[in-house]
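See below for the structure under consideration.
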Number of protein chains: 2
Amino acid sequence: MEENSGECIDLRREREAATIVTEDFAVWWAGGRGQLEKRRELEQYFFSDPEFDDVASFNYLSYKERYEHVLTRGARFIAKLRQWQAKEQQSQQQEKDKDRVDIEEIYDFRRLLTGPLGAGLFPQSFPLRLHFAMFLPTLLNQGDEEQQRRWLARAWNMDGIVGTYAQTELGHGSYIRGLETRADYDVETEEFVLNTPTISAYKWWPGGLGHTANMVVVLAQLYIRGKHYGLQSFLVRIRDEQTHEPLPGIDVGDIGPKIGANGVNNGFLGFQNVRIPRNQMLMKNAQVLPDGQFKQAGQPLLLYGTMVYVRVVIVRDVTYQLLQAATIATRYSAVRRQSPIEPKAKEPQILDHLTQQAKIFPHIARGICYRLAADVLWAFYQRVMQQVETKDGAGPLAELHALSCCLKAVCTQDALDGIDVLRKSCGGHGYMSSANFDSLHGLAAAAFTYEGEHTVLLLQTARFLMRQFTAAIKRKVLPASVSYLRNASPLSWGGNLLENAARALEISASEQLRDAWQWQQKQRQAHSRTEQQANNFAGRRLAAAATLHGHAFLARNALEQLAQLKRSTNQGLFVLLQQLVELFVLDTFQRQLGAILKWNSVSGQQLQQLEQRYEELLGALRPNAVALVDGFDFHDRVLNSTLGCWDGRVYERLFEEARRNPLNQEAVNRSYHTHLKALLQSSKL
Amino acid sequence: MEENSGECIDLRREREAATIVTEDFAVWWAGGRGQLEKRRELEQYFFSDPEFDDVASFNYLSYKERYEHVLTRGARFIAKLRQWQAKEQQSQQQEKDKDRVDIEEIYDFRRLLTGPLGAGLFPQSFPLRLHFAMFLPTLLNQGDEEQQRRWLARAWNMDGIVGTYAQTELGHGSYIRGLETRADYDVETEEFVLNTPTISAYKWWPGGLGHTANMVVVLAQLYIRGKHYGLQSFLVRIRDEQTHEPLPGIDVGDIGPKIGANGVNNGFLGFQNVRIPRNQMLMKNAQVLPDGQFKQAGQPLLLYGTMVYVRVVIVRDVTYQLLQAATIATRYSAVRRQSPIEPKAKEPQILDHLTQQAKIFPHIARGICYRLAADVLWAFYQRVMQQVETKDGAGPLAELHALSCCLKAVCTQDALDGIDVLRKSCGGHGYMSSANFDSLHGLAAAAFTYEGEHTVLLLQTARFLMRQFTAAIKRKVLPASVSYLRNASPLSWGGNLLENAARALEISASEQLRDAWQWQQKQRQAHSRTEQQANNFAGRRLAAAATLHGHAFLARNALEQLAQLKRSTNQGLFVLLQQLVELFVLDTFQRQLGAILKWNSVSGQQLQQLEQRYEELLGALRPNAVALVDGFDFHDRVLNSTLGCWDGRVYERLFEEARRNPLNQEAVNRSYHTHLKALLQSSKL
């Protein structure tokens, strides 16, 4: 943090009294000194540029003005980011080959766009994001070599191309087999003819589609001579490269305001006899030959891989959103004073109220432990993808798929709930848009639903778990993340509280799975229901098992990571991380208390012990809370919050923001003269 | 519902197959045939008037335009409502005495503003509401007879007066003793001098304060000759009656965008030596004589009463918000088809998925049972207020205060969570603003925090409970709502599942209270902490006890009301209500499972039995779900939702709404030419 002066006295005292070294934590959190400094440099590069100043709050603007604001800023952002990269490459004496694009570079770029920098510049996201987040990765994963040669470099350089990925339709989301957009192959002209047969077949939701993208990857049902060949991806130009006018047969626009992410320009798209050449079906996985012959080729697993990739990344993204919210709430709670604990004493910082600590600290711990899981998941993803390339990855891919579904569902849910608790912990001022909880909530709420609806993902996880559960009965070897299913011994409460808690979570997941399985069996036997009907009747129980599995995994993973951190961190930092991991595991236990007590025998005294330790940990973290959140090193511009700024000048900032309110630029609004005045005089008539 | 044609086939089938009579439910729900018809007439009166058409979605407008829109519409609304009332009184051959105002009339008016009609016309509320909801009731409750003669009729007729109530400050909310605004009495001139000594003393939040109100009731610390006499209420003109310009010494404006309720025009207000005559301190409860003598008089309980009144009303309001959300989710889930249960079968209505039923039906049941509690609370409030007038109500007032704190906290929390679950149950489309969940969420989120922050209210409840708990130990007679605290017998699981569940909740509340009490004692004894410090350390446990008490009360009350309904409703309706109450009680049990199993002994088999019944009830409600929500009789304009309309034409409405999007009125946005085009050509440079 560059700001070294001007902090309010409460925050200064907090920082002076902390027993941890913030910078040590910051280095660890950033993944090393080099990473930390590189990020700070990049943020400085943007945030010191007056072109990227926040001249007016996004929230004052009309919906149309918001689009114009983010598009304008987005274009400047990409251009400036390119300059940065060129400079970087120059300093590393690399010659940039304009025609070479590698996937790591795309992934890095995506991280920049959705990471803290992107959040700071675009609190409600922006329309060019999907070009890098989905359009490019899809070209890479699904285009064949010739297609990559033709399109990839152009797309990477945005040479006349800005794209998005159009899968979801008005009538179909998670159940993608139900998509209705058609692509009929015309053997005569060697073209595909795209059509939107019904209103529910309109593409609906793709980011940037409304008025920004001029090309899209479209998922459509392929038909050749009237025969159906399943879903395929097609590359379609939808707007003229020069004029940007929608091309003939294209009906495109913006779907309208949403709960959040209002910078995205989500769009709708309909086709009426839109023709594209044969070589614009993406052909890495399946091909249509000129004569209309269909060939399934390549690895269908790769298609799978892109979806997994996005879910893996989401786990990381929502973790940051949760921790931004926690940082805002912590700083505000150290500045806000209210309700004396002792009568006639000075009002304390609200962070001194135990109830307030209980709202905030568990979310800090959770965010950190979810990042630990996101890192593990990312490493797992990269490992499996290498194996898939060598055609040996079907087994691990199933585990990766289930784990990514499960963690995406569980972490987005918990982050969303956490942001809400943190927002509420800031009382009335947390409700102001200028506190920025609404943007964070909006992004996490979107992540909860997109790329696989929550319950759908849990049920997919449960299907995998059920297979492992029956394999466990047969004493088969299980993948690591579910190996606990083989351990049938009941909870034995030992001296290690955390081990007890983690094991109780695992047993609960296991028993909940058994319960769902037995219920399914009962439905089939006693009521003669089919397997699928029985699955539906067991739906609640299956979803509960998947959630428990997620929590059990997260708790166990946090303990495992902690064991490794003992070797790689200094003593002060390790003690802090230990407290955080401990708080996370105990908190997860408490949140799942109903299930745990349903499936395990835990005495009142054991629960008391746990409860007591939980409250002790809150007290132990209290003196370091501000120093700890400082260590996430979120720039003030990234937090974008009147309540969360580093200097703690909360009331001044709320006030400054109110002064900027366009409504306040006139003492009397015109509506007084047009309407209110007449009302106030009408009783005299 | 007037619409009798055009409903989509799915909803028509639902309605035809229902076994309940929607109109019977509607009559019961409205409180009788007369009430139902009166409401329908009034809605017709407004919604058929083209002046009140929705010409453009609120969400497209800029913040300033939103204000102008709601102010304009609000002024028209009040004027038209007056015409309605005049017509009503004419038809009842009553002569309206312009100078007579009674409290019932104000309460009725408030109900109209915050009820379904108000919700339909102002999804994010509007700035004139506080005039009727707080300004007038305060004049009534706190003004002495002379003040009422002078101001009340004028205020009621809005004769040059539009007011609001200014209590909360930038630095202080729930802890009102900490408010900093000063009123110094100047004996020489017989005036009060109002000042805002610091930035944190600025009034912040009052609805309508920004640019609408020209008078306010201000809470300020009274000083006479430098001596402090506590908080008093003052009536202050802040804008010129003719020009509407802020008066000298007044600094007033709008605080800016919020998560929701963006029609309210919440404002800030600072005073610099603003003088008001002595007779503008509201003097029913305390007086300042011309010579500066201070006299405490009247009933301080009455001041208390206004706060209680608002909390009582909130419980009712959020119930409607929850049920609007449930109506939208139910209808959408009967129209949306997704994910076949049987392979190759037609995709079912998503309402056929058990997991979806579990997201929706418990919230319908909850909303209905919370209304039952709101009715009881309202009757209790009226009873106690009569007793207070006869100076005999201190005892019941404490119970009323605790119960209203508790239910306000618990019901707003549950409604807010419920709206969120219901929103998520609609997948991606639930995220669209046009689904209207965001407005409902915004209003419920505001209610969660205003008029007493959640945790503060729970702790106030807990203080009352703790007193009752120690009284119970001494075998004293307890007020009805806490009489269960005297029953120390453990749970005995009998044949009546609901009685088991309700009793388990009561025992859990009781035991949680005992745990908090013991923890407090331990803190004091073992750690020599003061009572207040010990309270802080027991904060989490106390808040948990208060929440459990709320749930126990709600469950018990639902069972008691059901017993009475048996006599007053027909068989078909009663069976439905029975299912709903049963679902509510079992659902509350499940939500509190952790606490229940911590404090009670319930076997696995008993839990299975309960779980099974819970799922049976979901199945039993399924065929009547649409007919049931129809019976809430929310007008389409009230629901204001593309997903929740009576005819179920979901996709058409989403699309129509998108066509109205101002961004879509041009095929190419100007930002393409100003910025995007250059970016797409830059790689060629």
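Quick reminder: no glycine exception, Cβ is built from N, Cα and C everywhere.
TrEMBL annotations:
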- B:Glu451: active site, proton acceptor (ACT_SITE)
- B:Thr168, B:Gly207: FAD binding site (BINDING)
- B:22-161: domain 'Acyl-coenzyme A oxidase N-terminal' (DOMAIN)
- B:165-274: domain 'Acyl-CoA oxidase/dehydrogenase middle' (DOMAIN)
- B:304-466: domain 'Acyl-CoA oxidase C-alpha1' (DOMAIN)
- B:499-681: domain 'Acyl-CoA oxidase C-terminal' (DOMAIN)
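The structure, with features from TrEMBL marked on it.
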residue	record	DSSP (3 states)
B:Thr168	FAD binding site	coil
B:Gly207	FAD binding site	coil
B:Glu451	active site, proton acceptor	coil
Intrachain C-beta neighbours of B:Thr168 (FAD binding site), sequence separation six or more, cut-off 8 angstroms:
B:Lys203, B:Trp204, B:Trp205, B:Pro206
For the recorded positions B:Thr168, B:Gly207, B:Glu451, return the ones with C-beta distance to chain A below 8 angstroms, or 'none'.
B:Thr168
Would you count the other C-beta atoms found within 10 angstroms of the C-beta of B:Gly207 (FAD binding site) for me?
27
Between 0 and 100, where does the mean pLDDT of the domain 'Acyl-CoA oxidase C-terminal' (B:499-681) sit?
96
Proximal but sequence-remote residues of the same chain as the residue listed as 'active site, proton acceptor' (Cβ under 8 Å, at least 6 apart):
B:Met307, B:Val310, B:Arg311, B:Ile314, B:Lys408
